[in-house]
Amino acid sequence: MAEAAPNPRLAAVRALNRVLPGSGDGASLREVLRAQALDGAAGGLMRDLCFGVCRYLRPLNHWLNQQLSKPLKPSAQPVRLALLCGLYELWFSDRADHAVVNAYPDLCRKLKAGWASGLANAVLRKASRIDAATAFADYPDAVRWSLPDWLWQQWQSDWPDQAAAMAEASLTPPPLTLRVNQRHHHRDHWLTQFGDEARAGALSPWALYLSPPRPVTALPGFAEGELTVQDEAAQLPVTLMAMPDGARVLDACAAPGGKTGQLAEAFPGARLVALDVSESRLRQVREALKRLDAEATVLQGDAADPQSWWDGEPFDAILLDAPCSATGILRRQPDVKWHRRRQDLPALVDLQARMLDALWPLLRPGGTLVYATCSVLRAENDQQISAFLERTEDATEDTPGIGAASPAARGWQLLPRDQGPDGFYLARLRKTMG
Ligand SMILES: C[S@@+](CC[C@H](N)C(=O)[O-])C[C@H]1O[C@@H](n2cnc3c(N)ncnc32)[C@H](O)[C@@H]1O
């Protein structure tokens with residue numbers, strides 16, 4: 001007997017149940033989708049529901065709670081998630097309302113919660129008569145922008161003039177951005193190949209935006225390493241690096257290898273060392289290098305404790321793409337906002353500072369260290385770098401201008417923009433010759 005086709009809505013509820021606070025174990029959405037991917041159109045719908053519900057979780061939950069005469073029990077979390085998927089589909093997808101309204105009572109039965117099918121029908125019918133803007137109109141800002149209170153407060157304190165635009169941009173799906181492998185073709189080659197579907201990035205000379213987005217494995221030249229998926233902002237740290245042939249370069253937090261591959265493309269004559277604390281994530285670095293047909297020494301180790309892995313030969317350049325709050329890439333990883341807590345920040349800031357201090361002595365005098373994060377929190381970025389410069393006598397700031405003026409005191413801060421690069425921070429530091 002032929003197997004029943006997988007139900008993408010059911011798969012989305014199960015995935016969200018693992019990711020979101022409630023009964024879930026706080027797994028990362030990316031990892032869950034990688035492990036439980038569905039093929040074809042079903043996979044597309046499942047992914048859309050998972051990303052959409054994570055993006056709009058707070059206002060969707062708020063509206064749903066207002067409709068309930070008594071709160072749903074914690075054990076009814078799958079029903080709650082199913083209703084949130086239905087609301088997201090009605091308000092943010094172009095699927096026909098009647099098809100959406102009809103799908104969810106049946107889904108409740110599949111979840112062995114037949115008692116909730118009448119509720120699903122009533123809630124979704126009511127929602128189908130309004131739109132999201134009307135539903136969310138009077139909500140407090142943090143609810144409307146779907147941010148935890150602490151993060152919204154921090155954004156307002158760090159970026160009072162930009163916080164609302166950042167919040168809005170963080171709710172939009174990200175563009176598909178590629179990095180062109182300059183060892184094969186110039187970007188113009190790909191602009192001609194993709195025609196009207198591609199545009200060049202304004203900040204990175206290798207960035208290409210493709211619209212509409214599509215599965216990357218179907219792109220010509222992808223398997224051969226001619227194109228790599230990488231946000232334009234994430235391409236910028238390597239554009240700040242310069243070094244002679246044969247230079248020794250450390251990529252200190254390398255996994256999954258996006259920038260390691262880019263370093264290998266940009267500096268084929270360099271002796272590249274890729275370090276990461278996570279052995280399992282280093283597997284992705286090796287795979288990335290293999291696809292690009294590039295080489296590096298791949299090391300497992302703690303960047304804050306070089307004595308355990310360093311061979312004593314100084315580096316001409318270091319890239320420190322530090323672990324951070326990831327608050328600049330919420331549109332790409334919207335589950336992060338529900339996992340990250342205010343109290344996580346001091347430990348991250350402390351780890352970044354310890355890495356800077358520990359790696360600096362490994363740099364040759366005259367060499368440069370590029371510090372980067374995908375955070376938009378000043379404590380991890382310009383405040384972190386200002387403090388480092390204050391306590392490090394032989395360090396000077398040497399960040400070149402990249403584009404429009406940066407709002408940060410030190411280095412460059414990019415804030416998330418609709419259809420543009422992610423939120424990102426970078427600073428280049430030079431060691432004086434002494
Ligand atoms: C922002 S990601 C790096 C992304 C990577 N540079 C890229 O472009 O694909 C941060 C990385 O830091 C690693 N990491 C965290 N703590 C570390 C430590 N103490 N030493 C070295 N790597 C660490 C994490 O495993 C993670 O892979």
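Placed from the backbone N, Cα and C atoms, the Cβ positions cover glycine too.
Per TrEMBL, domain 'SAM-dependent MTase RsmB/NOP-type' is recorded for 166-432.
TrEMBL lists C253, A254, A255, P256, G257, G258, K259, D276, D302, D321 with the feature S-adenosyl-L-methionine binding site. A255 (S-adenosyl-L-methionine binding site) falls outside any helix or strand according to DSSP and counts as coil. A sphere of 10 angstroms centred on the C-beta of A255 (S-adenosyl-L-methionine binding site) encloses 24 other C-beta atoms.
Among the features that TrEMBL reports, coiled coil is placed at 275-302.
Taking the Cβ of C374 (active site, nucleophile) as centre and 10 Å as the limit, one finds 27 other Cβ atoms among all the protein chains shown. In the three-state DSSP classification, C374 (active site, nucleophile) falls within coil. The feature active site, nucleophile is assigned by TrEMBL to C374.
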Starting from the Cβ of G257 (S-adenosyl-L-methionine binding site), draw a 10 Å sphere and report how many other Cβ atoms land inside it. 29
